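A short write-up of the structure that comes next.
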């Protein structure tokens with residue numbers, strides 16, 4: 001029987017709403033951590049509590065944030081060209097990649113325990129250890145603009161190559177392979193490992209969700225609104241959820257490619273990052289100054 005797909009959506013205020021909530025992740029402490037890209041803040045929202053903030057340089061442009069294997073929160077400073085590490089015990093530490101003006105953006109923990117990041121402006125992939133040692137690896141195509149990155153099922157890192165119109169795979173020795181997308185100018189951005197062992201991604205330029213297996217086989221699923229500009233994606237249970245930055249919606253896709261989308265309460269809220277919280281709900285960073293809690297209510 002077809003499932004009735006409904007959700008409950010509530011918005012939560014954040015400190016400095018003009019700061020622009022952008023990236024979001026569930027921390028090892030059970031709290032939600034998110035970036036405020038326009039004001040240079042890292043914020044923490046504990047369950048049932050109020051948000052607290054940690055200040056960076058105002059123009060640092062914190063973008064993507066994730067939990068490291070060392071229990072710290074790591075994030076990219078896209079405009080300051082740094083990688084940041086934050087703990088309640090040690091405070092803030094920042095590291096600059098060897099390549100100047102690299103534009104670090106995507107960030108994910110690898111199976112090797114290191115943090116891997118994209119250098120969007122430099123067209124490279126970087127690796128940083130918990131001690132701050134950084135290595136950089138080139139890509140086979142110049143100007144690829146690598147965006148999001150995720151650990152794959154195969155002891156490798158996978159990434160979206162936005163301007164190369166491809167999905168990339170990088171082994172831990174720095175060898176990169178690109179898989180070209182069937183749709184021209186698809187401009188992939190978001191990326192997540194799915195429950196089926198494949199990588200799922202958003203095509204912001206084509207209005208589609210894509211899927212790539214470890215051997216490079218690609219499928220694409222058109223969204224109901226091809227102009228919706230899907231941005232970030234995350235796995236939850238046996239489905240994946242994504243943000244539609246250009247259409248003020250969140251959506252989900254199941255492993256058979258069935259899609260449903262849901263309007264956000266505030267018009268033009270600019271949904272970007274999305275994460276699964278400790279409470280099992282989806283939490284979305286809205287660049288217009290709030291977080292949205294999306295609680296699926298599925299009935300068979």
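For all residues, glycine too, the Cβ spot is worked out from N, Cα and C.
Positions annotated as active site, proton acceptor by Swiss-Prot: 272. Around the Cβ of residue 272 (active site, proton acceptor), the number of neighbouring Cβ atoms within 10 Å comes to 24.
A strand conformation is recorded for residue 231 (substrate binding site) in the three-state DSSP classification. Taking a C-beta cut-off of under 8 Å and a sequence gap of six or more, residue 231 (substrate binding site) has these contacts in its own chain: 189, 190, 202, 204, 242, 243, 244, 245, 271, 272. The substrate binding site annotation in Swiss-Prot covers 231 and is backed by sequence analysis.
For the recorded site, residue 287 (Mg(2+) binding site), the DSSP three-state label reads coil. Cβ environment of residue 287 (Mg(2+) binding site): 20, 21, 22, 37, 269, 270, 271, 272 lie under 8 Å away, each six or more residues apart in the same chain. Look at Swiss-Prot and you will find 270, 287 tagged as Mg(2+) binding site, backed by sequence analysis.
Secondary structure from DSSP puts residue 270 (Mg(2+) binding site) in coil.
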